[in-house]
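Student: Starting off with a structure, shown below.
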Amino acid sequence: MSLSQEQLTPYLAFAGQLADAAALAIQPHFRAPLAVTDKGAGLYDPVTVADQAAERAMRELIQQHYPEHGILGEEEESFRGSSPLTWVLDPIDGTRAFITGLPLWGTLIALNDGQRPRLGIMNQPHTGERFSGNGQAAWLNGQPLRTRTCPSLAQARLMCTTPDMFTSAAEHQAFQHIADQVQLLRFGGDCYAYCMLAAGLVDVVMEASLQPYDVQALIPIVEGAGGRMTTWEGGDAQHGGRVIACGDPALHALVLEQLRQLGSIG
């Protein structure tokens, strides 16, 4: 189902309502004592009552206003609607940052038209920042965002949430190969790193072991700001896995070529 930019406008406004509802559920728990459950089988994967309450609030609004739409969320089972449109939700991307009091988490909301994510929001209610994009433009609190020109790795700022997300020796080697060439490497950004890339403050985000709800809201923001976001092989990033985002398309092409030359990553 292909939607025009005009048809997307009311959905972007509704996504803002979802972000507001999630914020109301989350904010009382930030920097407050709360129970944390580890749902990971290996790598620590925490979930809190704030995650669950925020997703529930968003699901209720979607079912009230668009009962025919599908829902894919991190905390509850997927709902397949009669419409090809699906809302993709991550109530708190960056739960580890959340439980340690760092405002580097965000609520991710995407609308997928059955082919690709067409709009995305990353909402950070503690700092009052709302990043949004539709693949053709991107905004921070309504002001246009643009990535910066950075054609070489020697000038680049690289971010990654944690090196623990690389689960094979080949993935570690590939990441280190890129990291060894950059001007600055920072860990711990979660979704915030991609938004800083869209704002022209970061040049490369390189990650792995991602889920669809980790990335779908970020693709329209990064691409709307002028960047590129794909798998390490240059494919569609919407399904997660190994993802590379670059603010400068020329830098993205350079990184992909270097990864290709490394051969099979496994």
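Each residue, glycine too, has its Cβ placed from N, Cα and C.
Grabbed the feature section from TrEMBL, which reads as follows:
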{"type": "BINDING", "residues": "Glu74, Ile92, Asp214", "note": "Mg(2+) 1 binding site"}
{"type": "BINDING", "residues": "Asp90, Asp93", "note": "Mg(2+) 2 binding site"}
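Could you give the neighbours, burial and distances for every feature on this list?
Tutor: Cβ neighbours of Asp214 (Mg(2+) 1 binding site) (same chain, under 8 Å, six or more residues apart in sequence): Asp90, Asp93, Leu108, Cys191, Gly240. In the three-state DSSP assignment, the secondary structure recorded for Asp214 (Mg(2+) 1 binding site) is helix.
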Student: Say we define neighbours as other CB atoms within 10 Å of the CB. Which of the binding-site residues Glu74, Asp90, Asp93 has the fewest?
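Tutor: Lowest Cβ count within 10 Å among the binding-site residues (Glu74, Asp90, Asp93) is Glu74.
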Student: From the centroid of the CB atoms of Glu74, Ile92, Asp214, the recorded Mg(2+) 1 site, which same-chain residues not already listed sit within 8 A by their CB, in sequence order?
Tutor: Asp51, Leu89, Asp90, Pro91, Asp93, Gly94, Thr95, Leu108, Gln211, Tyr213
